[in-house]
Each structure stands twice: as C-alpha cells, then as structure tokens.
C-alpha cells in the first residue's frame, strides 16, 4: 500500500485501534493519550493497596462482638410454688409497714399530743410538759421510720429482682427501726414529770 493511500485514511478515533491494555492505561492515567500520541512509554501504574487476607471471623468471635441481649429480670419470670408465696408475703409486709409508718410518724411529729394520748390511756391526769425535747426526739423518730421503710423497700426490691427469698427483709427492717424509734422516744419520756408519775403508779400497783 502506498504512502498517499495510508495518508488518505481517516484519522483513527480514540480507542479505535488501541489494544485493551492501552485503553485501560489511558483510563487510569489522564495523560496516557498524549504520551501514546507522542510515542512515549507509559509509566507502570501504581500497585493497588494490598487486599487484606485475614481469615473470616470464627463463630465464637462473632458471638463476642455481637452485644448480648439484656438478661431477663427474675420479676418477669413466671411465679410458681414458693416464689409466688414469698412474693405475696413480702409485698403484704411492705404494705403493712407503709401504713404503720405513715400513721405513727404523723403522731411522732406532734409528740406533745402523742405523749398526752398515752398518758390518758393509763389514766394519768397530768399533761406532758417536756415539750421541746419531745418535739426534737419525736421528729428524729418519725424521720427514722420513713428512711428505714425506704431502705427496707429498696433492699427487698433488689432481692426480688434476683429471684431470692425476700420476706425476711421487711421483718428485719421493722425490728431494727422499732428498736431505734423506741430509744428515741424514751429520752423525752423519762425526763417528763407526768411519765415519772405513771411509772411510780405502775411500780406501786405491781408491788
């Protein structure tokens, strides 16, 4: 074929006579077309980042990575047998204790009236006169009853959530609080003349 014939051919379009390797090189390198037209050698493409060949995670590893579902509380489990009986007794004791705390603490906060009521029950005509000390220790006793019940209820609830026997907690809490309250209200009573007269009457009648 003559030189004039080869010059008469239409100019090849982009990629028309390029090999697949040259086409890929031009796509990866923006200046590849100009380099090929100028007769320059193409630079070797940069090596791609190595692909991690780490083995897939085992079933145990996947289990550790997966957040475990929250454990079901013992309160949501079906109640049977002794657990049901313990739940009924425990809640009954807490309810009874709450009623007793409300009724008694209200009286202790008005200790003068509370003391006069006790004196009247025993037939003492004198009135309670140690008012200041009685009001102080009566308030302390009332607050002790309220705080004691709250602590008892919190410990009982925690025990029930763990599915353990809990009826003994309200019993123990009531015993401890009763001892403390008795000590508090004894302080103003022993220093009051009216109660001293009451104690003398009891001692005389018993002798």
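The backbone N, Cα and C atoms fix where each Cβ goes, glycine too.
TrEMBL labels come from automatic prediction, so no person has curated them.
The compositional bias 'Basic and acidic residues' annotation in TrEMBL covers 1-11 (among others).
Taken from TrEMBL, the feature compositional bias 'Basic and acidic residues' covers 21-31 (among others).
Marked as compositional bias 'Low complexity' by TrEMBL: 44-57.
If you look up TrEMBL, you'll see 65-75 marked as compositional bias 'Polar residues'.
The feature region 'Disordered' is assigned by TrEMBL to 1-76.
The transmembrane segment annotation in TrEMBL covers 88-109 (among others).
Here TrEMBL flags 136-155 (among others) as transmembrane segment. Using a Cβ-Cβ cut-off under 8 Å and counting only residues 6 or more beyond its ends in the same chain, the transmembrane segment (136-155) has close neighbours at 94, 97-98, 101, 104-106, 108-111, 114, 169-170, 173-174, 176-177, 180-181, 184-185, 187-188.
Long-range contacts of the transmembrane segment (167-190) within the same chain, counting only residues at least 6 positions beyond its ends with a Cβ under 8 Å from a Cβ of the stretch, are 86, 89-90, 93-94, 97, 104, 108, 111, 115, 130, 133-134, 136-138, 140-141, 144-145, 148-149, 151-152, 155-156, 159, 196. Annotation comment: TrEMBL describes 167-190 (among others) as transmembrane segment.
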Counting only residues 6 or more past its boundaries, what in the same chain has a CB within less than 8 Å of a CB in the transmembrane segment (88-109)? 117, 138-139, 141-143, 145-146, 148-149, 152-153, 156, 160, 166-167, 169-171, 173-174, 181, 185
